[in-house]
Structures are given as C-alpha cells and as structure tokens.
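**Student:** Quick one: the structure is below, and I'll ask about it shortly.
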Amino acid sequence: MTAPSQVLKIRRPDDWHVHLRDGDMLKTVVPYTSEIYGRAIVMPNLAPPVTTVDAAIAYRQRILDAVPAGHDFTPLMTCYLTDTLDPDELERGFREGVFTAAKLYPANATTNSSHGVTSVDTIMPVLERMEKLGMPLLVHGEVTHADIDIFDREARFIETVMEPLRQRLTALKVVFEHITTKDAAEYVRDGNELLAATITPQHLMFNRNHMLVGGIRPHLYCLPILKRNVHQQALRELVASGFSRAFLGTDSAPHARHRKETSCGCAGCFNAPTALGSYATVFEEMNALAHFEAFCSLNGPRFYGLSVNETYVELVREEQLVPESITLADDSLVPFLGGERVRWSVK
C-alpha cells in the first residue's frame, strides 16, 4: 500500500516577472501561466517594445484573448524604458491603471533589449516622475560593458548603477529582478522597505555546474546566467529565512526549440509549466515550507500595494514526469525540467 500523497494548499500565487511573447508563441504559453497564477507582471520586451499606453492596452488584449475560458487571470502591464520615453506618457499609463510598473533594461543586456537605456542619467526625468508617483521600477541588474566578465555583471551593477540610483532617488520603489548572486541577496536583505527582489526557480535549483558539466544544457541557459554554487546557496538561504521582500518571479522566457538548440542559442528558460512545483521542492529541501505561501502569494502583493488573491491552489507531492516538449505551431518548446521526474506539481 502506498502512502497518501502530501498536499500543499496555498493562496493563489502571482508571477511577478514573466515573458509571454506574442503571436503563436503567446497563444501557446499564456495558458500555462493563467491556469496557476492570479496575476503576472508581463515584460514589455517585444519587437518593437511596449513604450506607449496604446501599445500596452493592445498587448493586454492579445494576452486576454489567449486566456482559456475558466481561468481567472489578470495581466499587469509594464512600460519599457528608453532614452527618449516621455514622462507624461508614463504617468498617464500609471494613472489610468494601464502600467503597473516600468522596466529598466540596460541596452543589450538580454533578449530584445537593444532599445534599452544607455545611461540612467539619460532617463532621470522619467525616474524622478516615477518616484513622485510611487510607481515601481523593475530592474534587470547587469552592466553590459564588453570588458566586464558575464559572471560579474550583476555584482558590478550594484556598485556602479543600483546604489548610486537609490542614493539619488531615495523614495523610488525598486524591484531587483531575478537576482542571482550572494552580493544581490545581501544587498536586498540589507536594504529598506522600498527595495525588493524576485528569484527564479532555476537560480534556486541550479548553478553553473549543472549547465556546463558533462555537456552543455541549453535549456538552463538564461540571463542573468547561472552562477557559482556559493551564490545559489545564498539565494536559497534568503528565501528559506522567510525574508519578506523576496517573491516569486519565474522569468519564464520561451524560445522555440530550434532557437535554443543551436550554435548560438537564445537565453531563457520556459518554466511556466513547472515553476511552482520547483519552488516547492526548494522550500522543502530547505525545511522552509512554512514560508512557501508568503514567497509565492503574499510578499509580492504587499510590496506592490495590491490585495492578495481570494482563491487557492493545491500542490501534490507525488512523482510526475514532465513532458519532453510542447507543440508550438511548426516547432516545439522544451519546458524547464522537460523529460525529468519532479517531486511536486500543481493538482
């Protein structure tokens, strides 16, 4: 006789960092997020990027059109900051409830970021307006200078960009997104109530050895890149401590299989189908399941000043096999942990 499965019931979570793409890709991936999460902060790095209120409204509608009947899901839209963005347009979007936050991509830091900001000084009028409005700034925290080693770009960003910015605009709300280093974990932990962080499942579960030892695993390649074990452990310890300003942000970033498994593959993990169970596995390994619901469902709304979701989801602890691939128009998607057996999954 098998032992009864363990069930975890938590308030419905939100995903505070997701890429839903557009077109056929959007139609394929949206249901994996809308089935589980009540809300999601949607990244604006389309081609062209979402820089106007009208573009955000149109994109939001395309997302909603892809949500299956029976899913109760609200996309929270963001504005892509550029060197030439009009502060009045940003303010209008925020006041009208179209923009929840604005996203700072250093130019060329990641996928579709060539329109990103070349220097924080260039967009200071926009950031000052955001500070005045109480509008959160979401930051991809990496410098992009060619002479900086890719494994050092996050730590260098803290000292050269993030800290000077927060010293200059002391009332600005900042989310340090997808943190990957001990440096960032300590920086956010020691910061004030205006600084928070999202953490992905892959950066909690894996380090660069998993991606590079015994063969290159392209489906673990994302930006910021996986770091040393010491950094992975610092992230795990931060979430296991019950720290209240760290919350779930999958950074689910789908690319067609042929764009990942190639001589110059794209960065991003499509983890929407498996992320919640992956987080549960980490919290269980750290003997921290008591803090799991807060990380997934409570800390994010608190930081954003939003109410928590009224419904609940259940995860079951029984081994399940993750599909090796998901059909995508004339290609396929490989989900995070595809072809592997996982311990926790959404019931």
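Including glycine, each Cβ sits where the backbone N, Cα and C put it.
Here's the feature list from Swiss-Prot:
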type	residues	note
BINDING	His17, His19, Lys103, Asp251	Zn(2+) 1 binding site
BINDING	His19, Leu20, Arg21, Asn45, His140, Leu223, His255, Ala267	substrate binding site
BINDING	Lys103, His140, His178	Zn(2+) 2 binding site
MOD_RES	Lys103	N6-carboxylysine
ACT_SITE	Asp251	active site
**Student:** Under DSSP, is His17 (Zn(2+) 1 binding site) helix, strand or coil?
**Tutor:** strand
**Student:** Say we define neighbours as other CB atoms within 10 Å of the CB. Which of the binding-site residues Leu20, Leu223, Ala267 has the fewest?
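**Tutor:** Counting other Cβ atoms within 10 Å of each of the binding-site residues Leu20, Leu223, Ala267, the minimum falls on Ala267.
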**Student:** Starting from the Cβ centroid of Lys103, His140, His178, the recorded Zn(2+) 2 site, name every other residue in that chain with its Cβ within 8 Å, sequence order please.
**Tutor:** His17, Met43, Leu104, Tyr105, Ala109, Thr110, Leu138, Val139, Gly141, Glu177, Asp251
**Student:** Using a Cβ cut-off under 8 Å and a sequence separation of 6 or more, which residues in the same chain sit near His17 (Zn(2+) 1 binding site)?
**Tutor:** Ile41, Met43, Leu138, Glu177, His178, Thr198, Thr200, Gly249, Thr250, Asp251
**Student:** Could you find out if DSSP has Lys103 (Zn(2+) 1 binding site) as helix, strand or coil?
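**Tutor:** It is in a strand.
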**Student:** As a test of the contact definition, list every same-chain residue at least 6 positions from His140 (substrate binding site) whose Cβ is closer than 8 Å to its Cβ.
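**Tutor:** Same-chain residues close to His140 (substrate binding site) (Cβ under 8 Å, separated by 6 or more) are Lys103, Leu104, Tyr105, Pro106, Ala109, Thr110, Ser113, Glu177, His178, Pro224.
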**Student:** Do me a favour and check the Cα-Cα span between Ala267 (substrate binding site) and His19 (Zn(2+) 1 binding site); whole Å is fine.
**Tutor:** 12
**Student:** I'd like the Cβ neighbour count for Asn45 (substrate binding site), meaning other Cβ atoms within 10 Å of its Cβ, all protein chains included.
**Tutor:** 22
**Student:** Drop a 10 Å sphere on every Cβ of the binding-site residues His19, Arg21 and tell me which sphere holds the fewest other Cβ atoms.
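**Tutor:** Taking His19, Arg21 as the binding-site residues, the minimal 10 Å Cβ count falls on Arg21.
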